[in-house]
């Protein structure tokens, strides 16, 4: 069928139906031979071996698994809680037509799967693929295999309830993988009425009604031994985008979605079909999001829930001085977030401030709907394509690497986005950036450079200002390290200047357009990270473990030794494995690939070809699947290389599992020479072979065989991919193969000789066949014909036929520096340090080992929690633990003291013990404060009767009352006499009714405790503090110990307010102010009515009132509309009732009064690049902000005057900032990918120090809680909400399962944070970490800053700095 016929077919389909009929799904079910997945909530199919390996991204896979939860993978799935409720990327390979929490228990649906090679199915799949990809290459695509998985009438997981029936909403969808030898395409099919639910509720949602939209897309997973995040592609992001799956399409056929997901040709990420354009647009294609959401498509798309017509759209950034006649390409691509894998860490900052810049800025009047450029666009006029609307299906392509946790491998990425950016093809693609970074145009995303070109990029310090009309911005939302953060800067790359130490000492570093790479020096070989001398002998060490079934005998062994010796100049490899049990050792003799790996690694290289070590270096994973014939025993071998040791020894771990055919004693194994082909891609090498081996004993000679599939994965250096010329196919020639087992020594040995080269034939030169006479530590240099020369390798000297070691230490040839000691070794040397010193990270000199950290500060102590005990540091690593007052124990375990058991309350009161304290309450029929109770019917006693009936100790001097309001007789004495001259009529002429008021609860409690302490409390014992009126002081302390807390009007502790010495909590008055208040003093702000939240959402500031701590969502509204702005940082001045904000689009700091009719005012409009975090010090009338573009922290008066820079060094990505106005301390976060941290200083910039720099990833949000005096942060990398005391101690986790927090604020017993996955405001309880509520604005887009507006200004004594 030709292309015109396909297009006609598509038009007929669109004209007759708005969605795909179920009968148009590819045929499935039992009659077709489908397998049926077991019913259940989290089931996984048995492994499905494929008849031919399938390409997914750049790697071939021979097996597939099907999971209940709408997902296919190339490996077994983890527990569903590890991926079902998380966003992409997954850390394992995933093909997800509808990833959600699906449950087929109780017969609620069926899941079918099979591999198919029928002409009918392959033809139907090919037609759908060609419809979506009408290019010549795709039209020629003819699949030879297909894998089909169908979810039929499956339901969502639901909690069991007696009173509710299971939902009747059921989904049907299908995934088809069609492939040949060089390409793989995926089809996702969603039939009419096939999607009845669009998301599922997380199992751990704390009874909050949350529903996560289904995820649709692809993820490569963690790609290598460094566990770094691979590329991924997402299709959906919201409920509406999931609804649109069966209504629209990217292939032109509603409900049919096509993707190119694997190829032997360069394919950096999944490529979606793009045939859903408007007929009137011509060659201009809509972005995928727009195609999914636009109601104007001329394709009979079903009506959807689209936003209002006045939605603001993203405008291109134009330079005011730019010429008006610039032409822009018309080709539109999906919303692409591409992270270029740079093989290194960011030097300064990554791409910054996310796609929100592009999705919220208004278009200019002349071009309301701009065109998004194609990767390599053409020069045509702008297109009037429909705008990308809010509830689109997001299509994001991301290629990234997570920063590993270890310092040994510091790889990261560069992020950029191409959405909505006009490409001026007449200007240079790279534009200068003041911070020596670069802004990459669309053609830089997949650059192609001439062979051998090495590009060094750098810009002078006086580069012109960053062109606002060309701002390339990107967002990276990670789910796992991820650590990929929301970023605001122009794209920057990493250079050798900061990363050369990652190269081998025998390598040089080269800067490319997209990053740096390491390359071995002359006479060395490897991947640049690891280099070895050419021609030298090498040694390998390792451990081997096995869990085998030999015949019918189980055999296990663990961590037996492996040693290998390689003669590099002729390709010989000798391997010895010791102490393997005899049955297993004999059965392993045919498996020469165990030692054959080392042969491939160090094979003799023919001209133009490279052995394995030249490609992989010393870190890789070798996976080997073997099937023996005729018994079909299967065994799997995994070999992992962990790097080079001090003597350049390669370390290998080997694990063998499966079944082996039994080999009797005394039989020998013979293996004939063989040749096999190795296929190379960017990060994997594969090989498939069929080998025979012969078992002989006397006259017995039997022939057997096995088939093997090898897959070697490693990490290459992407910036240099276009500069390497490794043949895609190389042939390994292996001969002189020996496999022996010695019963007496119990050693299994392999010996093989290897050459790597062309499949065309051998070269006769002695250097290539190993017949030369060079020393084992020399390089053989081929000449013409049979001539050759020998040259001693690095670290040796001689004539090449005889080489001796060079003693670099004795001849002063080493690089060992100050204080280091040189130790010679064969062919090399090493530098060691004396006791108390260690080698520096970046040079061979010895530096002092830092002193041990303070356990009380770094949290490594073993004391009880900070609210029960305190840690006392004694120097070095020594410390002790002491329980706080109100607790007893050894400091490591502190239990509450039960004051009720000590009789602290009145005998007519009930005592209630609480942690660290207690309270008293009079029993029914009595009245009082619990410390003193009287019958409710009793007449009022005179002071005389009071003292007679309830005598109290006196602790004052003669004539002086120890407590206000307490009547005392006028003499000294510890206890007042019980004889009183009082009559029933109380008519003593000296009895005068006192004028003092009765004792308050505070005074009575104080009196009771003083009695308990015998009138002399210790300095650390608690005695209630009462004010002049007898009310509880809001601040209560354990004597003068400095351990304090806040109390309410009844003296009960306010939870979460306990503090350490030196930082008493800013407690609020416990009594409500009088109804009629006096006129306030000039420096006092009258409290406003109500508490509410303000949040930033693109071009507006939203208002969300609180009822207590509950979100009053029904009363939420837009407080301020700011067209053309992107509001990020947000804070409130409680004195003047002004809201302040940063605008990264306008590069300004602004403010506005909350009074009706107030107009916004710009107070700073120069010297800003990317202002983010903002905080207000209402006491000092000062504001502070971070600038992630200039890497600065600045301060100014609230009117913008007296501006000055606080810090402009040791900052990489400063973001959130908070101030403790009472104590004059400043806090800020820096999410530098290499070393994220939280820092603090005084508000004047003094005493700067790191507060937290361990176990954090992307600390986006930061808040200072004035109630508990804790500094708290929300981390989008670790997914945690954590708090610590201002000195960095007492760190604790409040919540460890956040989605993607951005900004956070504290109020009362709750935190409120904005979340980028939910696009809303989330409430978290401080005490238990539960997610208690959420607010999702109607207009769904990312929320940025958030702040709380109190009805008062937090009080306290200001600490001047």
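Note: Cβ is positioned from N, Cα and C throughout, glycine not excepted.
Keep in mind that TrEMBL annotations are predicted by a computer and have not been checked by a curator.
In TrEMBL this protein carries:
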{"type": "COMPBIAS", "residues": "396-407", "note": "compositional bias 'Polar residues'"}
{"type": "DOMAIN", "residues": "536-766", "note": "domain 'Nidogen G2 beta-barrel'"}
{"type": "DOMAIN", "residues": "763-804", "note": "domain 'EGF-like'"}
{"type": "DOMAIN", "residues": "805-847", "note": "domain 'EGF-like'"}
{"type": "DOMAIN", "residues": "852-895", "note": "domain 'EGF-like'"}
{"type": "DOMAIN", "residues": "896-934", "note": "domain 'EGF-like'"}
{"type": "REGION", "residues": "348-409", "note": "region 'Disordered'"}
{"type": "REPEAT", "residues": "1137-1180", "note": "repeat 'LDL-receptor class B'"}
{"type": "REPEAT", "residues": "1181-1223", "note": "repeat 'LDL-receptor class B'"}
{"type": "REPEAT", "residues": "1224-1268", "note": "repeat 'LDL-receptor class B'"}
{"type": "SIGNAL", "residues": "1-19", "note": "signal peptide"}
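Counting residues 6+ beyond its ends, the domain 'EGF-like' (896-934) has Cβ neighbours under 8 Å at 867-868, 884-888, 941, 950, 999-1001, 1004-1005, 1007-1009, 1012, 1022, 1050-1053 in the same chain. Across the range of the domain 'EGF-like' (763-804), the DSSP-based residue counts are 4 helix, 15 strand, 23 coil. When DSSP labels each residue, the domain 'EGF-like' (896-934) comes out as 4 helix, 18 strand, 17 coil, counted as helix, strand and coil in that order. Over the domain 'EGF-like' (896-934) the predicted model carries a mean pLDDT of 84. Across the repeat 'LDL-receptor class B' (1181-1223), the DSSP tally of helix, strand and coil residues reads 0 helix, 23 strand, 20 coil. Residue counts for the repeat 'LDL-receptor class B' (1137-1180) by DSSP state, with H, G and I taken as helix and E and B as strand, are 0 helix, 23 strand, 21 coil.
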